[in-house]
Amino acid sequence: MRKKQGRLTIVKQTEVARDSYELVLEGELVKHMSQPGQFLHVRVDESEDLLLRRPISIANIDPEKEQVTMIYRAGGAGTKRLAAQRVGTEVDVLGPLGQGFPLEEAKRGEEVLLVGGGIGVPPLYYLGRRLVENGARVTSVLGFASQADVFYEQPFKQLGNVHIATADGSYGAPGFVTDVISQQSLDFDVLYSCGPTPMLKALTARYRERRAFISLEERMGCGVGACFACVCHVENGQAHEYRKICTDGPVFPVGEVVL
């Protein structure tokens, strides 16, 4: 899908967990969005002190309403300022960007395991919706730091079985998503995952020979492959071989890039 740029209007902004916000934008640009796993590059406002856009993954798309939903963590100056924006405000958006999850890898009737960690959870929701529509059976394992950080448990339950893990044990299973997968003996035909690098490393080590795809979280400058700020090296490749996470990714087959 060719990238576009335009202005979208904030129609909803809600804190859904500690420092995590659900942002719903509306406008014609949404008609160009369809692939799960892509992201939008959002300019927070027109001030000169925040020139760089913020990459935010797409959590859901409603083409009929021309609305796109994103969930982001207000951790830095830019995202905190975005969290303060009110309904009715217009924001400048570039996107959709990147290569998303390959839906065609999961065939009708196959078992799919979605594994998300923290702010890596949102893009898996729209992916799960599309997979269920295509006839796949979806199980989700979602990891968070603590109960205060948990979001979207109920929406994921509408897709299939859901397992929640918290690092401090305050909600769901104590520990990490990999612990839950082992304890519940969860198996799959295809795995899709997005989350922090340590989680992706653990999944890569375990499922290198399986049908599995990971989405990398990375700071980005331009979002279109021009600045080389989000380069990662190719597994077993030559020294000069690399991938740009913003354009070649953020989704890669497991084992393709060095984490």
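Just so you know, the numbers here start at 1 and follow the chain as drawn.
Here the Cβ of each residue, glycine as well, is placed from N, Cα and C on the backbone.
Residues or ranges marked as domain 'FAD-binding FR-type' in Swiss-Prot: 3-103.
For Thr79 (FAD binding site), other Cβ atoms within 10 Å of its Cβ number 19. What Swiss-Prot lists as FAD binding site is Arg54, Pro55, Ile56, Ser57, Ile71, Tyr72, Arg73, Gly78, Thr79, and the listing cites sequence analysis.
DSSP assigns Cys246 ([2Fe-2S] cluster binding site) to coil in the three-state reduction, outside any helix or strand. The feature [2Fe-2S] cluster binding site is assigned by Swiss-Prot to Cys222, Cys227, Cys230, Cys246.
Every protein chain considered, the tally of other Cβ atoms within 10 Å of the Cβ of Ile71 (FAD binding site) stands at 23. With Arg54, Pro55, Ile56, Ser57, Ile71, Tyr72, Arg73, Gly78, Thr79 listed as the residues that bind FAD, the site has a largest C-alpha separation of 16 Å. A gap of 12 Å separates the Cα atoms of Ile56 (FAD binding site) and Cys246 ([2Fe-2S] cluster binding site). Within the domain 'FAD-binding FR-type' (3-103), the DSSP-based counts of helix, strand and coil residues read 13 helix, 51 strand, 37 coil. Distances between the Cα of Cys246 ([2Fe-2S] cluster binding site) and those of the binding-site residues Arg54, Ile71, Arg73, Thr79 are shortest for Arg54.
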